[in-house]
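Feature annotation from TrEMBL assigns domain 'DUF112' to A:20-443. If you look up TrEMBL, you'll see A:7-36, A:42-69, A:110-135, A:147-163, A:170-191, A:203-224, A:263-286, A:319-346, A:367-389, A:395-412, A:419-447, A:474-494 marked as transmembrane segment.
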């Protein structure tokens, strides 16, 4: 009952005409920010932060939360439309999202991504309102050993997303790890492969790489193959049930995925630093493992889009847990929000929910409202996005090229990163031609440095002993999960190995 | 169809608008400085939302509110290479009186660590406005109430002490304290505040150094304890948390938060900015900014700021060379 009281208090604070107006503004701005490749929630919130200083803190945070949520919805749209993830959390959404669009199921794909985002976000907020303080203790028990193991599970999951050619997939992932070595070594401060260029001191950022590999790579590939000259599929409209709304089969296939993706995403999102990328990746590979039709994944199968989408939105809700209950920012975007709390004179920390219930619960209730507004905005905006797909691809090419270039340049105003994007565009073309996996490269680039830092932090604290991984309870559970993931297929392989020579299991 | 392309272009324009790279026009004589025809190019050498960004934007807000600067001011985040990119940009525009920037610890440590083509002495020093000092934190259930208890326990075991970064202020505080106290410790470096704090709470670390504004909530709830403060004076809001020096450990390493111009600008321009920053320092807004962000007010103008930078740079150089984190 206390939860209901709290929520009612929150709603009474959040539901004023002014707040609703700013929530809608925030959600809309967030969606647009999410659509621009390279311009994610962190930058969106940071840029608009200065506008909010003169506002009432509750109104301001409701608007910023709207941007945060909106960009999570919008970020997937380019993944589906032009195969270009706007942030690392939506890389996994390209796996089935883009093939769906190519098959002409663009309307249903966009509806389902909105539905998955809505369900993921809503389940996330329900879990926050019900159990936030209990989860705080869970988030608190994560140190470097646990992070390392979670990221290792993420890296193992790469095997699932690599596609059929496991050897090429492994090479792609290793390429990603190699690129990730550039920059300052966080433990010793030594510079690696920077060749004296200050632009490389902070390493090669994954977004120019992702935009190049996916956005430009796809574009070069279609020019190379000549597919850009083909006519587009028929138009779709609201009234056209068949091509706009997902059909019954697509709904029923995705039922379990919604729930599993949301819960998994929420828990992974709660861990500071692991976040939405690992969540979307784990959710995708979990679905592929439990599905009876695992060979359909990657070819435009609806649950393959629903899994990462429900997970990354639930993760962005999960990331609010350490922020609200511990005052610890779990992601770049929540770190900027934390800075905003301070500027408004709020004191984030374990006592914030007690000391500032109106603020905390106002924020939580605004998340419910934000999700409702966003699913409506999304569904009404779909015909607009679908129209983009009707434009002949040869006319879209210059536009995509401009968007990718501007998006990359606007990240840090760096011309070096723009060149990096262009170079990876060419690499992306060859990876596609020779059946390598751009997704494995990008995800290894994101996860590799996290794995390296956390492993080395762990070993420094344990004085070099690996025993630390089995001495801490949560860490021990994670070790067992990894053993299970690695050993089970290995046993299966040894059993069936004689019968058929399957290249699939070798890389495990 | 055209509409859609138009729509996409509009999105593109919005994206560029957020990072438009305006130049500050040609260099003019300082006689009528500042001329309203030139845009003041304010380099923020770090990303949006960080300490340096917040300070720069606060200053710009004050300059605009009190009409202290009449022309246009364009703040620009030029992040990369721990300040190498941003301050490099200011350095390239040597002699241009419309290039200004705000400093952090990296203003001194980055040129010590790598060779970005400039060091602190290549700029015109206007004013040190404040310093950023740190708390030495342990978790609430560790049982340590004073820094001496921590040092006693450290005689029996190697302590794991965490901070952000390798060759920066966090590291130097830990190193200087470790030497003063004569204890064995391992320094564990992190990239982000969130992971550093959860590593302490999860029991992986014995202590961390942290910026006060990030941990006040944890101190008040008893989740963490602050054993010492690295400033010269205790924070006004937390007089009970002693400084290292009060506890008998000579540790005073701070992050200089000041204002600089490009190198080789006219003395009149520097004097103009010194006078202007004096006015900024007296506003209520500045007072509030210092208090809210738990900075130590420490104001030095012109030559005094230069001297401070010289001293700080040589101190940092000594500590970091001893640690062996500088590549020579």
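Glycine too: its Cβ is placed from the backbone N, Cα and C atoms.
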Any residues 6+ beyond the ends of the transmembrane segment (A:42-69) with a Cβ under 8 Å from its own?
-> 13-14, 18-19, 22-27, 29-30, 33-34, 121, 313, 316, 331-333, 335-337, 339-341, 343-346, 358-359, 362-363, 366-367, 370-371, 373-374, 411
Intrachain neighbours beyond the transmembrane segment (A:7-36), with Cβ under 8 angstroms and 6 or more residues off its ends = 43-44, 48, 55, 58-60, 62-78, 86-87, 129, 357-366, 369-370, 373-374, 377-378, 381, 403, 406-407, 410
Taking the transmembrane segment (A:203-224) as the reference, which of A:170-191, A:263-286, A:367-389, A:419-447, A:474-494 gives the largest number of Cβ pairs under 8 angstroms?
-> A:419-447
Same-chain residues near the transmembrane segment (A:170-191), Cβ under 8 Å, at least 6 residues beyond its ends = 155, 158, 162, 200-204, 209, 431, 436-438, 440-446, 448-449, 452-453, 456-457, 460, 507
Does the chain bring the transmembrane segment (A:474-494) near the transmembrane segment (A:147-163), so that three or more CB pairs sit under 8 Å (pairs 6 or more apart in sequence)?
-> yes
Stretch of maximal Cβ-Cβ contact with the transmembrane segment (A:110-135) [cut-off: under 8 Å; candidates A:147-163, A:263-286, A:395-412, A:419-447] | A:263-286
Summarise the model confidence on the domain 'DUF112' (A:20-443) as a single mean pLDDT, whole number.
-> 85
Intrachain neighbours beyond the transmembrane segment (A:147-163), with Cβ under 8 angstroms and 6 or more residues off its ends = 92, 95, 169-170, 172-173, 268, 271, 273-274, 277-278, 281-282, 284-285, 288-289, 298, 435, 437, 439-440, 443-444, 447-448, 450-451, 454-455, 458, 469, 475, 478-479, 481-482, 485-486, 507-508
